Amino acid sequence: MLTLPVYLELGAVGLGALSGALHALRRELDAMAVLALSICTSVGGGMLRDVLLGQTPAALRSSRYLLAVGACAVLAVLFAPWLSRLHRALDVVDALLLGMWVVLGLEKALAFQLPLPSAVFLGLVTSVGGGVIRDVLLGERTALVSPGELYATVALLCGLLYVALAVGLKLPAPLAEAAAIAGASLLRLTAMWRRWRLPHRFDLLQLLDRIQARRPRGPP
(Lines of atoms letter the chains of each structure in order from A and count residues from 1; the text may use other names and numbers.)
(Lines give C-alpha, C1' and ligand atoms only; values in the text may rest on other atoms or scores of the structure.)
Protein backbone atom coordinates (compact mmCIF):
# COMPACT_ATOMS: atom_id res chain seq x y z
CA MET A 1 0.00 0.00 0.00
CA LEU A 2 1.20 3.51 -0.80
CA THR A 3 2.66 5.37 2.18
CA LEU A 4 3.36 9.08 2.04
CA PRO A 5 6.01 10.64 4.32
CA VAL A 6 4.58 10.40 7.84
CA TYR A 7 6.39 13.54 8.99
CA LEU A 8 4.82 15.53 6.16
CA GLU A 9 1.32 14.09 6.51
CA LEU A 10 1.07 14.46 10.28
CA GLY A 11 2.69 17.89 10.09
CA ALA A 12 0.09 19.03 7.56
CA VAL A 13 -2.75 17.52 9.59
CA GLY A 14 -1.52 19.14 12.80
CA LEU A 15 -1.06 22.56 11.20
CA GLY A 16 -4.43 22.21 9.50
CA ALA A 17 -6.11 21.51 12.82
CA LEU A 18 -4.34 24.52 14.33
CA SER A 19 -5.45 26.72 11.44
CA GLY A 20 -9.08 25.64 11.77
CA ALA A 21 -8.96 26.18 15.52
CA LEU A 22 -7.45 29.67 15.14
CA HIS A 23 -10.15 30.64 12.64
CA ALA A 24 -12.82 29.42 15.07
CA LEU A 25 -11.27 31.15 18.09
CA ARG A 26 -10.98 34.41 16.17
CA ARG A 27 -14.79 34.33 15.82
CA GLU A 28 -15.30 33.27 19.46
CA LEU A 29 -16.97 29.97 18.53
CA ASP A 30 -17.56 27.16 21.03
CA ALA A 31 -15.49 24.02 21.56
CA MET A 32 -17.49 21.83 19.16
CA ALA A 33 -17.14 24.42 16.41
CA VAL A 34 -13.39 24.50 17.05
CA LEU A 35 -13.26 20.71 16.65
CA ALA A 36 -15.42 20.75 13.50
CA LEU A 37 -13.34 23.43 11.79
CA SER A 38 -10.13 21.68 12.85
CA ILE A 39 -11.28 18.45 11.20
CA CYS A 40 -12.47 20.11 7.99
CA THR A 41 -9.35 22.22 7.57
CA SER A 42 -6.88 19.45 8.39
CA VAL A 43 -8.24 16.47 6.47
CA GLY A 44 -10.75 17.99 4.03
CA GLY A 45 -8.28 18.40 1.18
CA GLY A 46 -6.80 14.95 1.69
CA MET A 47 -10.26 13.39 1.65
CA LEU A 48 -11.08 15.10 -1.65
CA ARG A 49 -7.80 13.80 -3.07
CA ASP A 50 -8.46 10.22 -2.02
CA VAL A 51 -12.05 10.26 -3.27
CA LEU A 52 -10.87 11.48 -6.69
CA LEU A 53 -8.37 8.60 -6.71
CA GLY A 54 -11.13 6.11 -5.86
CA GLN A 55 -9.74 5.33 -2.41
CA THR A 56 -11.10 5.27 1.11
CA PRO A 57 -9.74 8.51 2.63
CA ALA A 58 -6.56 8.00 4.61
CA ALA A 59 -8.10 9.87 7.55
CA LEU A 60 -10.68 7.06 7.83
CA ARG A 61 -8.27 4.16 7.29
CA SER A 62 -5.96 5.15 10.14
CA SER A 63 -6.93 6.55 13.52
CA ARG A 64 -3.75 8.59 13.91
CA TYR A 65 -5.09 11.46 11.78
CA LEU A 66 -8.28 12.10 13.74
CA LEU A 67 -6.43 11.56 17.02
CA ALA A 68 -3.90 14.20 15.99
CA VAL A 69 -6.70 16.57 15.00
CA GLY A 70 -8.53 15.98 18.29
CA ALA A 71 -5.38 16.59 20.31
CA CYS A 72 -4.64 19.84 18.47
CA ALA A 73 -8.24 21.02 18.88
CA VAL A 74 -8.20 20.29 22.63
CA LEU A 75 -4.91 22.14 23.05
CA ALA A 76 -6.32 25.06 21.06
CA VAL A 77 -9.35 25.29 23.36
CA LEU A 78 -7.19 25.05 26.50
CA PHE A 79 -4.80 27.75 25.29
CA ALA A 80 -7.47 29.84 23.55
CA PRO A 81 -6.65 33.16 25.31
CA TRP A 82 -3.03 32.94 24.20
CA LEU A 83 -3.70 31.59 20.69
CA SER A 84 -6.36 34.21 19.95
CA ARG A 85 -3.63 36.87 20.09
CA LEU A 86 -1.53 35.20 17.38
CA HIS A 87 -3.05 37.01 14.42
CA ARG A 88 0.06 36.95 12.24
CA ALA A 89 0.76 33.32 13.09
CA LEU A 90 -2.47 32.36 11.33
CA ASP A 91 -1.18 33.72 8.02
CA VAL A 92 2.10 31.82 8.43
CA VAL A 93 0.29 28.56 9.25
CA ASP A 94 -2.04 28.90 6.25
CA ALA A 95 0.89 29.67 3.94
CA LEU A 96 2.78 26.58 5.13
CA LEU A 97 -0.33 24.45 4.72
CA LEU A 98 -0.80 25.57 1.13
CA GLY A 99 2.59 24.21 0.11
CA MET A 100 2.45 21.07 2.23
CA TRP A 101 -0.87 19.89 0.82
CA VAL A 102 0.21 20.61 -2.76
CA VAL A 103 3.20 18.33 -2.25
CA LEU A 104 1.13 15.61 -0.57
CA GLY A 105 -1.45 15.66 -3.35
CA LEU A 106 1.22 15.59 -6.03
CA GLU A 107 3.21 12.77 -4.48
CA LYS A 108 0.17 10.55 -4.20
CA ALA A 109 -0.91 11.34 -7.76
CA LEU A 110 2.56 10.55 -9.09
CA ALA A 111 2.60 7.30 -7.11
CA PHE A 112 -0.62 6.37 -8.93
CA GLN A 113 1.23 7.11 -12.17
CA LEU A 114 -1.13 9.87 -13.24
CA PRO A 115 0.02 12.19 -16.05
CA LEU A 116 1.87 15.27 -14.87
CA PRO A 117 -0.98 17.73 -15.64
CA SER A 118 -3.39 15.52 -13.70
CA ALA A 119 -0.94 15.25 -10.81
CA VAL A 120 -0.54 19.03 -10.62
CA PHE A 121 -4.33 19.43 -10.71
CA LEU A 122 -4.75 16.94 -7.88
CA GLY A 123 -2.12 18.77 -5.85
CA LEU A 124 -4.05 21.99 -6.41
CA VAL A 125 -7.34 20.41 -5.30
CA THR A 126 -5.70 18.91 -2.21
CA SER A 127 -4.16 22.21 -1.17
CA VAL A 128 -7.26 24.39 -1.41
CA GLY A 129 -9.91 21.82 -0.45
CA GLY A 130 -9.70 22.10 3.33
CA GLY A 131 -9.62 25.89 3.31
CA VAL A 132 -12.61 26.10 0.98
CA ILE A 133 -14.68 23.80 3.21
CA ARG A 134 -13.70 25.83 6.28
CA ASP A 135 -14.62 29.16 4.68
CA VAL A 136 -17.95 27.81 3.42
CA LEU A 137 -18.84 26.65 6.95
CA LEU A 138 -17.92 30.09 8.28
CA GLY A 139 -20.02 31.80 5.62
CA GLU A 140 -17.03 33.66 4.21
CA ARG A 141 -15.77 34.23 0.69
CA THR A 142 -12.95 31.78 0.23
CA ALA A 143 -9.56 32.99 -0.96
CA LEU A 144 -9.94 30.70 -3.98
CA VAL A 145 -12.54 33.03 -5.53
CA SER A 146 -11.48 36.35 -4.01
CA PRO A 147 -10.71 38.87 -6.78
CA GLY A 148 -7.00 38.94 -7.57
CA GLU A 149 -6.02 36.79 -4.57
CA LEU A 150 -2.70 34.95 -5.05
CA TYR A 151 -3.87 31.70 -3.49
CA ALA A 152 -4.55 29.03 -6.07
CA THR A 153 -1.88 30.66 -8.24
CA VAL A 154 0.71 30.07 -5.53
CA ALA A 155 -0.45 26.47 -5.17
CA LEU A 156 -0.12 25.96 -8.92
CA LEU A 157 3.40 27.42 -8.99
CA CYS A 158 4.34 25.25 -6.01
CA GLY A 159 3.17 22.16 -7.86
CA LEU A 160 5.11 23.09 -10.98
CA LEU A 161 8.24 23.73 -8.91
CA TYR A 162 7.95 20.35 -7.21
CA VAL A 163 7.52 18.59 -10.55
CA ALA A 164 10.55 20.43 -11.96
CA LEU A 165 12.72 19.46 -8.99
CA ALA A 166 11.50 15.93 -8.24
CA VAL A 167 10.68 14.72 -11.75
CA GLY A 168 12.76 16.96 -13.99
CA LEU A 169 15.97 17.26 -11.97
CA LYS A 170 15.32 14.05 -9.98
CA LEU A 171 16.29 15.62 -6.67
CA PRO A 172 15.73 13.58 -3.48
CA ALA A 173 12.11 13.81 -2.34
CA PRO A 174 12.82 15.56 1.00
CA LEU A 175 14.84 18.26 -0.76
CA ALA A 176 12.18 18.83 -3.43
CA GLU A 177 9.47 18.90 -0.74
CA ALA A 178 11.33 21.46 1.37
CA ALA A 179 12.07 23.70 -1.61
CA ALA A 180 8.49 23.63 -2.91
CA ILE A 181 6.93 24.25 0.52
CA ALA A 182 9.36 27.05 1.34
CA GLY A 183 8.83 28.66 -2.06
CA ALA A 184 5.05 28.53 -1.76
CA SER A 185 5.07 29.88 1.79
CA LEU A 186 7.40 32.77 0.99
CA LEU A 187 5.49 33.72 -2.15
CA ARG A 188 2.12 33.58 -0.38
CA LEU A 189 3.32 35.64 2.60
CA THR A 190 5.07 38.17 0.34
CA ALA A 191 1.94 38.53 -1.79
CA MET A 192 -0.13 39.20 1.34
CA TRP A 193 2.42 41.64 2.74
CA ARG A 194 2.89 43.57 -0.52
CA ARG A 195 -0.79 43.24 -1.46
CA TRP A 196 -0.03 41.73 -4.84
CA ARG A 197 -3.10 41.07 -6.96
CA LEU A 198 -3.73 39.35 -10.26
CA PRO A 199 -5.43 41.45 -12.95
CA HIS A 200 -9.15 40.83 -13.20
CA ARG A 201 -8.92 40.51 -16.96
CA PHE A 202 -6.32 40.76 -19.69
CA ASP A 203 -7.07 42.63 -22.92
CA LEU A 204 -4.52 41.49 -25.50
CA LEU A 205 -5.73 43.89 -28.20
CA GLN A 206 -5.44 46.84 -25.83
CA LEU A 207 -1.90 45.80 -24.92
CA LEU A 208 -0.91 45.55 -28.59
CA ASP A 209 -2.37 49.02 -29.24
CA ARG A 210 -0.27 50.46 -26.40
CA ILE A 211 2.89 48.83 -27.72
CA GLN A 212 2.15 50.13 -31.20
CA ALA A 213 1.55 53.65 -29.88
CA ARG A 214 4.92 53.67 -28.06
CA ARG A 215 6.93 52.70 -31.10
CA PRO A 216 8.90 55.60 -32.56
CA ARG A 217 7.46 56.82 -35.81
CA GLY A 218 9.81 57.03 -38.79
CA PRO A 219 10.13 60.04 -41.06
CA PRO A 220 7.20 60.53 -43.43
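Positions of Cβ are set from backbone N, Cα and C atoms, glycine also.
Any TrEMBL annotation is an automated prediction that lacks curation.
Keep in mind it's a predicted model, so treat the numbers as computed, not measured.
Record note: among 120-138, 196-214, 120-138 is the stretch given as transmembrane segment by TrEMBL. Under DSSP, residues within the domain 'Glycine transporter' (92-165) fall into helix, strand and coil as 60 helix, 0 strand, 14 coil.
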